[in-house]
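Asker: Here it is, the structure, as structure tokens.
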Amino acid sequence: MAHVITRINAREILDSRGNPTVEVDLETTLGIFRAAVPSGASTGIYEALELRDNDKSRYLGKGVQQAIKNINEIIAPKLIGLDCREQKKIDNMMVQELDGSKTEWGWSKSKLGANAILAISMAICRAGAAANKTSLYKYLAQLAGKNTEKMILPVPCLNVINGGSHAGNKLSFQEFMIVPVGAPSFKEAMRYGAEVYHTLKSEIKKKYGIDATNVGDEGGFAPNILNAHEALDLLVASIKKAGYENKVKIAMDVAASEFYNIETKTYDLDFKTPNNDKSLVKTGQELVDLYIELVKKYPIISIEDPFDQDDWENYAKLTEAIGKDVQIVGDDLLVTNPTRIEKALEKKACNALLLKVNQIGSITEAIEACLLSQKNNWGVMVSHRSGETEDVFIADLVVALRTGQIKTGAPCRSERNAKYNQLFRIEESLGANGSFAGDKFRLQLN
């Protein structure tokens with residue numbers, strides 16, 4: 001029996017930062033299926049276009065009424081009557097025919113907006129799962145050609161200390177995450193993570209005062225930390241005090257594009273200070289040396305965006321130096337774009353993809369980016385954005401794609417915990433057919 005799309009309606013809702021975003025209700029003969037898209041703060045210049053209205057009299061220019069209009073008036077009429085199980089066909093139709101905009105890196109979604117296309121793409125996945133009488137994670141696994149019997153629960157990468165563009169402190173690196181690789185299950189990994197988080201909170205309160213325990217966009221803390229060493233010392237002490245030494249490791253997201261000077265080709269580790277300390281302006285090679293030093297001193301297992309999104313040379317240097325032991329993740333470098341991934345493979349620039357569905361703008365293309373990375377023995381980390389909604393789609397996606405790792409904030413703030421709570425449910429429903437990635441998180445490739 002065909003399960004056709006009978007109605008599509010888009011609306012403007014608010015994300016976790018109070019900015020507008022797109023939500024879609026897609027109706028089939030089986031009911032209404034809803035999806036909402038997230039939005040990033042530190043965005044890569046090569047991401048597919050997130051369409052904003054730029055009408056300064058409304059939401060400071062961040063409204064998404066044009067994207068809503070594009071869905072309701074351009075996309076919806078073309079999709080009514082199509083079978084909701086035709087995911088690839090519908091995604092390709094929206095991206096290539098209805099939008100059709102391109103750059104040298106592929107389909108850019110600059111006509112209709114990646115936020116418009118993705119909201120429908122996600123809702124269609126939910127409708128397709130219902131039509132196939134299966135869960136969303138199993139349906140997504142089928143779309144990706146993955147094993148649907150034995151499935152992998154991811155290691156959570158919990159962002160607990162914030163810096164960079166996410167925080168008002170002096171810290172240049174954007175995220176410091178705890179990664180409970182030594183836990184026996186996802187449920188226990190979250191317990192380890194939550195206990196370290198609360199231990200860290202009390203340590204920060206003692207050292208920096210109660211104001212420093214206010215949380216940022218992703219639920220992490222932003223105490224007045226000056227540099228990476230101070231942040232890492234604080235994490236190591238908190239992990240030890242919570243009783244999880246050797247079981248909880250550390251990951252960093254540097255977001256180095258945010259403090260790169262394109263003219264001088266240098267990195268300013270004091271970029272948030274008006275009269276910056278010139279000794280903290282580093283060359284690419286000096287930054288390579290700093291990462292090598294940090295990895296020797298601290299239990300760091302993953303570094304994301306260590307250099308600018310166009311600094312292929314230093315990415316390759318770092319990957320060659322420490323890539324065997326440390327995951328080097330491309331986010332702004334790759335923007336979940338298969339063409340950028342091909343270039344990174346050719347240049348041996350990194351060894352892992354950060355998968356953000358809204359960077360590329362359709363589920364079909366996101367799956368393609370993941371499969372290309374896994375085929376080349378890269379790790380893949382599924383990720384949220386700093387502006388999130390209560391939508392839990394990425395929790396199902398990470399299990400479906402068997403990537404073994406997810407980052408979706410601290411164990412705090414409901415839009416972050418919504419994803420982790422969905423993973424608790426999935427782990428429970430899988431029972432003996434689900435296994436936790438643990439310290440093999442880089443190897444979930446089948």
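Backbone N, Cα and C atoms are what each Cβ position is placed from, and that goes for glycine too.
Pulled the feature table from Swiss-Prot, pasting it below:
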- Glu218: active site, proton donor (ACT_SITE)
- Lys356: active site, proton acceptor (ACT_SITE)
- Ser42: Mg(2+) 1 binding site (BINDING)
- His166, Glu175, Glu304, Asp331, Ser383, His384, Arg385, Ser386, Lys407: substrate binding site (BINDING)
- Asp253, Glu304, Asp331: Mg(2+) 2 binding site (BINDING)
- Lys138: ubiquitin cross-link (CROSSLNK)
- Ser42: phosphoserine (MOD_RES)
- Lys133: N6-acetyllysine (MOD_RES)
- Tyr139: phosphotyrosine (MOD_RES)
- Thr339: phosphothreonine (MOD_RES)
- Lys375: N6-acetyllysine (MOD_RES)
- 104-108: motif 'Pentapeptide insert' (MOTIF)
- 277-282: motif 'DKSLVK motif' (MOTIF)
Asker: Is any of the recorded positions Tyr139, His166, Asp253, Asp331 within 10 Å of Lys133 (N6-acetyllysine) (Cα-Cα), and if so, which, in sequence order?
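Answerer: Taking Tyr139, His166, Asp253, Asp331 one by one, the ones whose Cα falls within 10 Å of Lys133 (N6-acetyllysine) are Tyr139.
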Asker: Checking your reading of the structure: which of the recorded positions Glu218, Glu304, Lys375, Ser383, Arg385 lie inside a 10 Å Cα sphere centred on Asp253 (Mg(2+) 2 binding site)?
Answerer: Glu304
Asker: Please list residues from the chain of Tyr139 (phosphotyrosine) whose Cβ is under 8 angstroms from its Cβ, counting only those at least six apart in sequence.
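Answerer: Non-local contacts for Tyr139 (phosphotyrosine): Cys125, Gly128, Ala129, Asn132, Ala400.
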Asker: Quick check: in three-state DSSP terms, what is Lys375 (N6-acetyllysine)?
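Answerer: In three-state terms, Lys375 (N6-acetyllysine) counts as helix.
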Asker: Run through the motif 'DKSLVK motif' (277-282) and tell me, per DSSP, how many residues are helix, strand and coil.
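Answerer: Counts, helix then strand then coil: 3 helix, 2 strand, 1 coil.
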Asker: For substrate, what surrounds His166, Glu175, Glu304, Asp331, Ser383, His384, Arg385, Ser386, Lys407 with a Cβ no more than 8 Å from their Cβ centroid?
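Answerer: In sequence order, the nearby non-listed residues are Gly40, Asn159, Gln174, Glu218, Asp253, Leu354, Lys356.
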Asker: Work out, from DSSP, the number of helix, strand and coil residues along the motif 'Pentapeptide insert' (104-108).
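Answerer: Residue counts for the motif 'Pentapeptide insert' (104-108) by secondary structure: 0 helix, 2 strand, 3 coil.
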Asker: Considering only the recorded positions Lys138, His166, Thr339, Lys375, Arg385, which residue has the minimal Cα-Cα separation from Lys356 (active site, proton acceptor)?
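Answerer: Ranked by Cα distance from Lys356 (active site, proton acceptor), first place goes to Arg385.
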Asker: Including all protein chains displayed, how many Cβ atoms other than that of Thr339 (phosphothreonine) lie within 10 Å of its Cβ?
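Answerer: Counting Cβ neighbours of Thr339 (phosphothreonine) within 10 Å gives 17.
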Asker: Across all chains shown, how many C-beta atoms besides its own are within 10 angstroms of the C-beta of Lys133 (N6-acetyllysine)?
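Answerer: Result for Lys133 (N6-acetyllysine): 8 other Cβ atoms within 10 Å.
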Asker: Reduce the DSSP letter at Ser383 (substrate binding site) to three states and note it down.
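Answerer: Its secondary structure by DSSP: strand.
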Asker: So if I measure Cβ to Cβ from Glu304 (substrate binding site) and keep only same-chain residues at least 6 apart in sequence, which ones fall under 8 Å?
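Answerer: For Glu304 (substrate binding site), the qualifying residues are Glu175, Ala251, Met252, Asp253, Val254, Ala255, Val329, Gly330, Asp331, Leu354, Met381.
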Asker: Cβ within 8 angstroms of the Cβ centroid of Asp253, Glu304, Asp331: which residues besides those meet this for the Mg(2+) 2 site?
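Answerer: In sequence order, the nearby non-listed residues are Gln174, Glu175, Met252, Val254, Ala255, Ile303, Asp305, Val329, Gly330, Asp332, Leu354, Ser383.
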Asker: Which one is closest to Lys138 (ubiquitin cross-link) in space, judged by CA to CA distance, out of the recorded positions His166, Glu218, Lys407?
Answerer: Lys407
